[in-house]
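Here is what Swiss-Prot says about this protein:
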| type | residues | note |
| --- | --- | --- |
| ACT_SITE | 27 | active site |
| ACT_SITE | 161 | active site |
| DISULFID | 24-65 | disulfide bond |
| DISULFID | 58-98 | disulfide bond |
| DISULFID | 155-206 | disulfide bond |
| CARBOHYD | 99 | N-linked glycosylation site |
| CARBOHYD | 156 | N-linked glycosylation site |
């Protein structure tokens, strides 16, 4: 496949500033929203910060601040006819009752797709088109204390944290993923981690290839 050697969706205007999930286990909502914000900008040209809190409160297939997955959240957005802006359903960082009275979707998606797992080339192909939701093992000390550079620290592959891959590249012959986290701008490289890419394990760094998925958007909102 003829894929670009590198891509950074931040430079293409498809990524809103890094957010902070706080003490709520809502990483799945942030991962989902970042992917939807991305494809919406790519398709429509508009970059709109969208509502994680709506997903936390309203995605009944997930568990709010106690965890969840991206695919049921994508499916909620499909079924709901879209997702609210951050402005109209702001983040509170705690579980809440779904507020249907403020339901005013501004961005819709058509469906979602899973990236073929255990294959970094499949993930690269997807990320060449748009930001992609992924899981990583973020429980280890090395990950949590990451500051900068290409992350080569130790981690396993358990899917305990959700993030969004917003690009990839190579530095000094070392390939990396550009991954957006939701732990605020003071963590890592201004809220991002560059994780080593094209490693020998098909699960990818910290299991990044295991549960990757992305929203499909065909037209306007």
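Using the three backbone atoms N, Cα and C, a Cβ is placed for every residue, glycine included.
This view paints the features noted in Swiss-Prot onto the structure.
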residue: 24; record: disulfide bond; DSSP (3 states): coil
residue: 58; record: disulfide bond; DSSP (3 states): helix
residue: 65; record: disulfide bond; DSSP (3 states): helix
residue: 98; record: disulfide bond; DSSP (3 states): coil
residue: 155; record: disulfide bond; DSSP (3 states): coil
residue: 161; record: active site; DSSP (3 states): strand
residue: 206; record: disulfide bond; DSSP (3 states): helix
For residue 98 (disulfide bond), which of the recorded positions 27, 65, 155, 156 has the nearest Cα in space?
65
List only the single closest residue to residue 206 (disulfide bond), chosen from the recorded positions 24, 27, 58, 99 by CA-CA distance.
27
Rounded to a whole number, how many Å is the Cα of residue 155 (disulfide bond) away from the Cα of residue 161 (active site)?
12
Rank aside, I only need the closest one: which of the recorded positions 27, 58, 161 has its C-alpha nearest to that of residue 65 (disulfide bond)?
27
Which residues of the same chain, at least 6 positions away in sequence, have a Cβ lying under 8 Å from the Cβ of residue 161 (active site)?
27, 135, 136, 137, 138, 139
When distances run from the Cα of residue 58 (disulfide bond) to each of the recorded positions 24, 99, 156, the nearest one:
99
Under 8 Å by Cβ from residue 99 (N-linked glycosylation site), counting only residues of that chain that are 6 or more apart:
54, 57, 89
Pop the Cα-Cα gap between residue 156 (N-linked glycosylation site) and residue 24 (disulfide bond) into the table, whole Å please.
23
Sequence gap of 6 or more, C-beta under 8 Å: which same-chain residues meet both conditions with respect to residue 156 (N-linked glycosylation site)?
137, 140, 206, 207
How many other Cβ atoms are found within 10 Å of the Cβ atom of residue 24 (disulfide bond), counting all protein chains shown?
20
Among 27, 98, 206, all listed as recorded positions, which has the most CB atoms within 10 Å of its CB?
206
What is the Cβ neighbour count of residue 155 (disulfide bond) at a 10 Å cut-off, with all protein chains included?
20
